[in-house]
Structure formats: structure tokens, C-alpha cells
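Student: So Swiss-Prot says this about it:
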type     : residues : note
TRANSMEM : 3-23     : transmembrane segment
TRANSMEM : 87-107   : transmembrane segment
TRANSMEM : 118-138  : transmembrane segment
TRANSMEM : 144-164  : transmembrane segment
TRANSMEM : 167-187  : transmembrane segment
Amino acid sequence: MENLIIYAFIYLLSSIPFGLILAKFFAKTDIKKEGSKSIGATNVLRVVKEKNPKLAKKLAIATIILDFAKAAIPLLTLKFLHYDQALLWSVAVLAILGHCFSIYLLFEGGKGIATGAGAMIVLLPLEVLTAFIVWVVIGKIFKISSLASLAALLAFVVSSFIFNYDLEIHTHAPVFIIAFIIVYKHLPNIKRLIFKEECKVI
């Protein structure tokens, strides 16, 4: 019963669309109706930037921090309380599911990068650092958020086998589930990348 309460809490918490809330409250803009219609930091930056560039950067950074924290803080708390690895990985997957398929948005949502990073920084920090370096490098070179994110995801999955070939839960299934969710949410971006139609962020 305790585990079910934890799972429900994590899903409801991670479902909170911080990017949407921040853009509506501070910029009076509905990002679900503009840009890529995603609730993530990239769309916050892209949409709000048209009206207020300085505010756009602040809101995008705040969105990243909050989306990251809504997974990282609960997982850090549970880890501190010595909950087992199986529960921690279940919580990580649910956090990403909640963000990507928010109950408050009729199961629509973001693309899972910041929330995924927040979850994985607790469980696989070295892999997240590797992914972050790849994200920065690809982002600097191509200035395409989705390409940088997908490259970082690939780096994360590959490095998870290099640095943690035998996870404590004895399976990489949660890593693949998380990767699948994120790739699924990026399918429109992948299509635009193939046809060279994806927009640059900067």
C-alpha cells in the first residue's frame, strides 16, 4: 500500500506542467497553442522569445530547473530513506511518464529530457554527466535542441552499459523504457530532422 501511495504521488507531482504554468502566469501565453505545442523549456523559450526575449530565457531556465527537480528531489528523498533500487527505478519511470503524459493535460505533456535527467542524476550520475557533455557539444555545433537531446539520450544509454553493465536491479529494462518514452515523444522532431525542417533554437 505504501508503494502505491508513493507511485501515485510521484505521477501526480511529475504531471505538473511547469512550463505551461510559468508561460501563462508571467508571459500570458499558452504554449500548448503555439510553437511546437510542447510544455518543455525549448518551446517556452521559442514562444515567449517573440514577445520578451529576456523573460523567455528566465522562464526557460526556471522550467528546466522545476522539471528536473520534480524527479530529482523525490528520488533523492527516497534514496536517503533507504528505499530499495526496484522502487527507485519504478519511481524514475513514473516521473517521466507523468511529465510526458500528464493527467492534467489529458495525457499530453513534455518530451522528458529535463525530468529524465532529474531522475537519472540520482541513479546513474556518471551517465548523466556523459549525456550532458554530448548535449552541450551537439547543441553548440548544430543549435538544434531535439538533435542535441537525442544524441545525449543515445550517449546515456550506451554509457549505462559501459559504467554500470550490471545494475543493482540486474536489468537495463528501465533504461530502455525511459529511452523509448523519450524517443516516442520526439517522433515529430525526428521526422523534421530527416527532412531538414527542424528549427534551430538560437
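Glycine is no exception: its Cβ is also placed from the backbone N, Cα and C atoms.
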Student: Can you name the far-off residues of the same chain, 6+ from the ends of the transmembrane segment (167-187), with a Cβ under 8 Å from a Cβ of it?
Tutor: 85-86, 89-90, 92-93, 96-97, 100, 109-113, 116, 119-120, 124, 146, 149-150, 153, 156-157, 160-161
Student: Near the transmembrane segment (118-138), which same-chain residues lie under 8 Å Cβ to Cβ, leaving out any that are not at least 6 residues past its ends?
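Tutor: Answer is 67-72, 75-76, 79, 88-89, 91-92, 95-96, 147-149, 151-156, 159-160, 163-164, 175, 178.
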Student: For the transmembrane segment (87-107) and the transmembrane segment (144-164), does the number of C-beta pairs under 8 Å, pairs 6 or more apart in sequence, reach 3 or more?
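Tutor: Stretch pair does not touch.
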